[in-house]
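Visitor: Relevant sequence annotations retrieved from TrEMBL are reproduced here:
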- 1-85: domain 'Fibronectin type-III' (DOMAIN)
- 87-182: domain 'Fibronectin type-III' (DOMAIN)
- 187-282: domain 'Fibronectin type-III' (DOMAIN)
- 286-377: domain 'Ig-like' (DOMAIN)
- 464-582: domain 'Ig-like' (DOMAIN)
- 653-748: domain 'Fibronectin type-III' (DOMAIN)
- 771-865: domain 'Fibronectin type-III' (DOMAIN)
- 868-907: domain 'Fibronectin type-III' (DOMAIN)
Amino acid sequence: MVQWRAPKDDGGTPITNYVVEKKDVKKPWEPWSVVSSSGTSTKAKVSRLEKGREYIVRVRAENKIGIGAGLESPPTIAKHMFNPPGPPGFPECSDITENAVTIEWALPDYDGGSPISGYVIERREMTGKWIRVNKTPVLDLRYRVSGLFEGNSYEFRVFAENIAGISEPSLTSDPIKATRAITKPGPPGNLKLKDWSKSYADICWTKPTRDGGSPILGYVVEAQKSGTAQWDRINKDLIKICAYRVPGLIEGLEYRIRIRATNKVGDSEPRELPETILAKDILVPPEIVVDVSCRDSVTVRAGQIISLITRVKGRPDPEITWTKDARALSRDKRTEINNNYPLCELIINDVVRSDYGKYAISAKNSSGQAQATILVNVLDTPGACQNLKVAYVTKKSSHPLSRQIPLSVETSKPAPTSCWSKGGKYFKPSDLVQIETTATSSTLSVKYAGRKDSGEYTITASNPFGVKEETVKVKVLDVPSAPGPIECSGVSSEKVTLTWTAPTEDGGDNIKVEIPVMGRPRPTVSWQKDGAPLKLTQRTNVELSPATTIITINECNRTDSGVYSMTAKNIVGSVTDNITVKVHDIPGAPKGPVKIVEISRTYCIFSWETPENDGGVPINNYAVEIRDTTLVWTNVVSGNEYIFRVMAVNKYGLENPEVTAISKDSMVVMWQAPKYDGGTPIINYVIERKDKSALRWIKCNIRKVKDLQFKATGLVPGHEYEFRISAENAAGVSVPSVPTLFYKATDALYKPGAPCNPRVIDTTRSSITVAWNKPVYNGVTNKAVTLTWDPPVNDGGVKVKNYIVEKRESTRKAYATVNANCHSTTFTVDHLLEGCNYYFRVLAENEYGIGLPIETVEAVKVSEKPQPPGKIILKDVTKNSVTLSWEKPEHDGGSRVGCYVVEIQPK
């Protein structure tokens with residue numbers, strides 16, 4: 001506020017008004033700022049000043065002739081007429097709880113010339129930042145601070161505030177810790193008498209409603225005899241649970257009982273039992289109630305648990321005795337007897353057939369006795385087959401196969417049935433097969449047995465509660481077939497060398513080579529293999545008769561290949577004959593090391609040498625596999641580290657299987673039959689799979705597979721699998737094939753939709769520039785369609801905030817909204833009906849509304865690729881044509897098969 005006096009000279013005409021102006025001293029270059037220019041008052045209020053700055057005020061008088069000379073004030077600093085108050089007194093903390101505290105402080109010593117309008121309180125955790133506690137100034141000299149965290153330590157400070165501003169902070173309070181105030185707990189609740197006798201009383205209660213801010217440590221029980229005023233503590237240690245048996249009562253006396261709760265501060269007020277207790281026995285005769293699960297009878301399977309549950313009442317507690325078939329039972333490794341009155345239980349673990357019978361429980365006390373019985377029946381699978389015998393027979397034997405194969409079966413309830421099978425095919429009585437079955441044995445007889453009857457015979461005994469099997473190998477012996485063509489060489493007047501091939505059928509026994517040896521005196525015979533003396537073992541035997549020498553090698557393997565020499569010698573001279581033996585087998589490992597010839601980011605060329613052991617037959621091909629350093633066989637990825645291995649394959653190994661028709665939970669494995677069937681037809685193929693993250697191979701097929709393909713189901717989506725195949729004939733299961741590569745269980749990808757909106761954006765004399773939009777959909781599965789699109793060229797001048805995705809079936813006209821708030825330019829529409837045709841459209845939306853839609857040009861059919869056709873059959877084969885027929889695929893992929901493609905591959 002500024003004041004001045006009117007000028008002595010008004011210029012001969014009255015003053016019309018005064019012009020008041022201000023100017024910042026530190027900004028002399030700025031022009032004068034007009035504060036007011038109307039009115040004839042000699043005082044004015046100068047506003048819009050900046051606190052702490054220095055200003056000059058100028059006043060000029062004005063009449064109708066003009067504005068006179070100015071009058072300037074001395075430089076003046078803009079400041080309030082009052083000062084902020086001094087800091088409040090030292091804050092003190094009281095009434096501390098786990099989440100609040102009360103703060104008190106004194107008035108400031110100086111109020112700055114203006115009354116205190118309120119106080120501001122701040123808190124901080126130790127070494128933390130200061131945080132204001134109250135939103136509006138506090139008018140009182142105390143404040144309750146809430147919102148604290150239990151267990152944390154805090155400090156507080158206070159500010160005073162008046163019209164001039166806020167004071168400096170007070171001194172910081174002493175640190176406090178937010179914890180509950182600890183007091184004695186409240187008394188226990190609901191004290192009741194549960195049971196009593198002449199020597200004890202059972203009581204129970206509930207926890208106190210108030211623990212005093214500290215956990216209850218336990219309880220104290222006190223008793224008072226009738227006629228006395230003294231309360232005696234009964235328990236030495238604190239009782240942890242809300243129940244207690246008061247011991248040491250004297251028969252005939254009356255007692256009063258009370259209980260206290262205890263925390264770390266002390267004992268609570270007592271809670272007294274409403275009634276007095278007279279120490280005497282309650283006499284109740286025993287009573288046994290069998291649990292509903294055990295009434296009448298109990299039936300269990302062998303190996304399970306028998307649990308006989310009863311509830312026994314009686315006072316005093318009766319003695320419990322369990323018997324079985326009138327013989328007392330006691331505790332042992334399998335038998336448990338639990339008597340937790342009123343619950344009494346008999347438990348027998350790992351039940352066997354001998355545990356069936358009549359069980360009885362008896363309860364006896366001074367008031368009487370009671371008894372209850374329970375019948376127990378134990379069911380079991382048939383017993384193990386007994387006395388299974390096999391005799392070797394020959395083709396010309398007059399006896400049937402094994403004559404008789406008796407099988408003794410341990411009786412069970414119900415009596416089992418039995419059946420015979422071979423190679424998965426069950427026998428039925430006929431002229432050549434006889435089956436005799438009694439309650440305890442089963443006999444199979446095969447007449448005129450031949451080599452084809454060799455194999456594994458299985459007897460299966462079953463009842464409704466289980467199945468038992470026993471298998472025996474039967475081998476029919478016969479004379480071997482004729483050897484191959486005999487070739488003569490090295491003919492002289494004294495000897496001739498004969499060579500021939502081994503017989504195709506060995507008759508089921510080991511091949512024996514018999515060489516006539518004659519001479520006088522009788523020559524001695526010695527055998528050598530590859531120039532070294534032949535070592536006789538359990539597999540290799542040499543027999544010598546007066547006219548022949550016989551060498552026998554059982555269970556031949558590749559190491560038995562070589563040149564065997566027989567030398568006959570006497571005093572007249574010696575003669576040597578050689579026999580070349582070849583044993584065919586799978587080849588050995590290729591000869592290393594593997595040499596890297598060329599390597600790049602995506603491929604590697606390497607070489608190796610042929611194996612030293614080719615298995616006796618030419619190598620057909622090599623199987624090459626790789627794995628990375630995580631020991632998982634996989635495909636090549638740039639930047640990874642790999643180890644390679646090479647395996648040779650000949651005709652005794654399976655061709656590598658192939659994997660087709662891959663989906664997220666199944667794959668179809670295809671393979672070729674082995675070129676060598678071991679002399680007997682293939683009866684089954686064993687398909688195995690292994691997860692990339694697993695260590696064990698898992699068998700895929702439960703039933704026998706004779707086709708050259710198999711659909712492996714039950715795969716985990718996203719996991720990678722490899723497969724291998726083994727062939728099985730009557731002699732057993734072959735070595736597994738080379739595993740396939742790893743294949744990921746995922747639905748097949750499909751061709752994308754057609755690109756949208758093709759357009760020419762530029763042309764020259766020699767070129768045209770074409771642009772287009774992404775396809776509306778980029779992939780279809782049997783349940784979902786993935787849509788993609790580009791943002792609109794014209795966004796309406798406002799950013800597009802979301803897209804609306806809609807769909808309709810081709811048979812309908814109305815669209816249904818799938819997603820009204822899509823924020824990206826791609827979206828997967830799922831839960832579609834397989835085999836249906838759909839149209840889709842997308843609309844852009846900004847804050848002013850929804851734009852025009854973009855729609856798929858053609859309907860999209862929800863389907864997947866069909867599975868391969870079934871078994872192919874050749875008909876009407878001529879020299880230049882063949883007629884084919886095949887079965888429909890098991891699944892057409894959700895869409896009718898339109899046509900088939902037939903391909904031919906020349907040999």
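Just so it is clear, glycine is given a Cβ too, placed from its N, Cα and C backbone atoms.
Because TrEMBL annotations are produced automatically, they should be read as predictions rather than curated entries.
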Visitor: Which whole-number mean pLDDT does the model give the domain 'Fibronectin type-III' (653-748)?
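Guide: That region's mean pLDDT is 85.
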Visitor: Which listed range (1-85, 286-377, 868-907) shows the maximal number of Cβ pairs under 8 Å with respect to the domain 'Fibronectin type-III' (653-748)?
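Guide: Most contacts with the domain 'Fibronectin type-III' (653-748): 868-907.
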Visitor: If you run through the domain 'Fibronectin type-III' (868-907) with DSSP, how many residues end up as helix, strand and coil?
Guide: 0 helix, 8 strand, 32 coil
Visitor: For the domain 'Fibronectin type-III' (653-748), how many residues does DSSP put in helix, in strand and in coil?
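Guide: So the domain 'Fibronectin type-III' (653-748) is made up of 0 helix, 37 strand, 59 coil.
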